[in-house]
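Taken verbatim from TrEMBL:
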- H66: active site, proton acceptor (ACT_SITE)
- D67, V70, G72, D74, S76, E88: Ca(2+) 1 binding site (BINDING)
- P163: substrate binding site (BINDING)
- H193: heme b binding site (BINDING)
- T194, D245, D252: Ca(2+) 2 binding site (BINDING)
- C35-C115: disulfide bond (DISULFID)
- C68-C73: disulfide bond (DISULFID)
- C200-C233: disulfide bond (DISULFID)
- 25-263: domain 'Plant heme peroxidase family profile' (DOMAIN)
- 1-24: signal peptide (SIGNAL)
- R62: site 'Transition state stabilizer' (SITE)
Amino acid sequence: MALTTAMLSSVVLALFSLVAVGQAQLSTTFYRNSCPTALTIVRQQVDSILASNPNLAGGLQRLHFHDCFVRGCDASVLLFSNSSTNQEKDAQPNQNSLRGFQQIDQVKSALEAACPGVVSCADILAIVARDATVKAGGQTWPVLLGRRDGTVSLASEALAALPSPLLNLGQLIQNFAAVGLNASDMIVLSGAHTFGRARCGPVLNRLYNFNGVNGQTDPSMDSTLAANLKKQCPPNDVTTIITMDSSPNVFDRTYFKQVINREDFSPQMLHSPP
């Protein structure tokens, strides 16, 4: 069951609004003359990547989001740290969490073989996120192209900018507003968790130590969900990876349905209600 066109359009507009200042002259035909096969090459690479690892679709989309939320969509999340500076990818929300770096390198290599030095990494992240979403069952959208790659990447900025799973609703609204997104944008973008995954760590307190009471489970959590999570996440297990809805490799509306029924968890659900 695909997301509605209106919802998908909201996702696209929300992501586009994160494009950095100075990159406003974007076009869907930016590479028409300089690299006419660019979109085909990316789609073929994404198809190949997801054929062997379908659960990476969410990771590739998330990589684009985490890039865009810091300094706009400029591929700064791909830069490596050096002896004096920690880059975005080494910030706590990203370290040992973001996936897909090798796959982006694979796509970049294919494009370089066809059109050396033409397609920016920032555009690659945007196209890959779209194609991965479509491959997982989502609707397509036109990707505006012509972004320039950034040269500044700071772990401190990523830590300050990226939404924390510990924020309450009001704090999340403020966090998204800081990058020009309203509450509706935030809610729609949270739908990307339909093929999201998380570690057990952030949910343990709700399962075993709610409000600091040893052995207490958050009473607002659906009892069946709580029981299933306890089977997957025993006490003190902070590393096991669990899925955020019952169709983790498909881009559909299951996430929203299960959140409404309190049968799901998400960054907004990993703490007691505000």
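Keep in mind that glycine also has a Cβ here, set from the backbone N, Cα and C atoms.
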C35, H193, T194, C200, C233, D245 screened against the residue listed as 'active site, proton acceptor', Cα within 10 Å - retained recorded positions: none
Rounded Cα separation (Å) that holds between S76 (Ca(2+) 1 binding site) and the residue listed as 'heme b binding site': 23
Of C35, V70, C73, C200 (the recorded positions), the residue whose Cβ has the fewest other Cβ atoms within 10 Å: C35
Neighbouring C-beta atoms (10 Å sphere around the C-beta of S76 (Ca(2+) 1 binding site)): 25
Cα separation, T194 (Ca(2+) 2 binding site) to D67 (Ca(2+) 1 binding site) (Å, whole number): 19
Surrounding CB atoms that lie within 10 Å of the CB of T194 (Ca(2+) 2 binding site), all protein chains: 30
